[in-house]
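Chemist: Below, the features straight out of TrEMBL:
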type    : residues                     : note
BINDING : 30, 61, 81, 82, 83, 113, 212 : phosphate binding site
BINDING : 193, 235                     : purine D-ribonucleoside binding site
DOMAIN  : 24-270                       : domain 'Nucleoside phosphorylase'
Ligand code: HPA
């Protein structure tokens, strides 16, 4: 079955359950697991029920679409995502994102947990993503171009929409949430980086590092979807502090920031 046939099959399945038309979509990364509590929910569909959909294997990463309202805005939320390090290929990793676009979402807000490379960052900071480096992972658009979705050689000079970034800065100021800004770099994972890699990434201009998001942003931009992104800096990247990195630290910091992260995401989505 071709990728387009898989996407169309999944779309038919979802349309058999709901006619919900999202205006915007959000990917809820670590730290926003409880975000559905902010939504007036119309319908939920676990990825596992959708034909051809990848299912997350990581502890603490539930996987489902949640359709509902944030304020007056119809929103499709991805609670959980799948990662390249789980063994899926990039076409599978971005399949749910493409589905959000096919369901009608014109904007996508991506969120994640990331390690801070920029030495002025602190664990618990939120970072508005200004640009990204994807060169270390396979491109999700590799293979036959899905011409119905977008062009063969899509422009990536402004992955993260300038106007929307301006709105997010204003939303953050409005709800009193300090916001850093910077470049996100995606690694294949699942091992954390070495101190030497982090020094190299800093030299490349990266401010934060994680194992998701950038390929999702490429797939969304391919379809002409407006993209914005916010990282929760859960830890300083390898080699900056004396202590080793661990998943528990990432989860703990993400949980501490959940309140302000939630307020900011609600302000951003409700304002659309
Ligand atoms: N590196 C990669 N991914 C991450 C990190 C990190 O330091 N923190 C949270 N996700």
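Cβ atoms are placed via backbone N, Cα and C, with glycine included.
Owing to the predicted nature of the structure, the values given are computational and were not obtained by experimental measurement.
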Chemist: Rounded to an integer, what is the Cα-Cα distance in Å between residue 83 (phosphate binding site) and residue 193 (purine D-ribonucleoside binding site)?
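Modeler: Residue 193 (purine D-ribonucleoside binding site) has its Cα 16 Å from the Cα of residue 83 (phosphate binding site).
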Chemist: Have a look around residue 83 (phosphate binding site) and count the other CB atoms within 10 A of its CB, chains all included.
Modeler: 22
Chemist: My understanding is the cutoff is Cβ-Cβ under 8 Å with a sequence separation of 6 or more in the same chain; which residues meet that for residue 113 (phosphate binding site)?
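Modeler: Long-range Cβ contacts: 29, 30, 31, 210, 231, 232, 234, 250, 253, 254.
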Chemist: Filter the binding-site residues 82, 113, 212, 235 down to those with CB closer than 6 A to an atom of ligand 1; keep them in sequence order.
Modeler: 113, 235
Chemist: Among the binding-site residues 81, 82, 193, 212, 235, whose Cβ has the fewest other Cβ atoms within 10 Å?
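Modeler: Lowest Cβ count within 10 Å among the binding-site residues (81, 82, 193, 212, 235) is 193.
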Chemist: Roughly how many Å lie between the Cα atoms of residue 212 (phosphate binding site) and residue 193 (purine D-ribonucleoside binding site), rounded to a whole value?
Modeler: 14
Chemist: Between residue 82 (phosphate binding site) and residue 193 (purine D-ribonucleoside binding site), how far is it from one CA atom to the other, in Å?
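Modeler: The separation of the Cα atoms works out to 20 Å.
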Chemist: Restricting attention to the domain 'Nucleoside phosphorylase' (24-270), give the mean pLDDT.
Modeler: 95
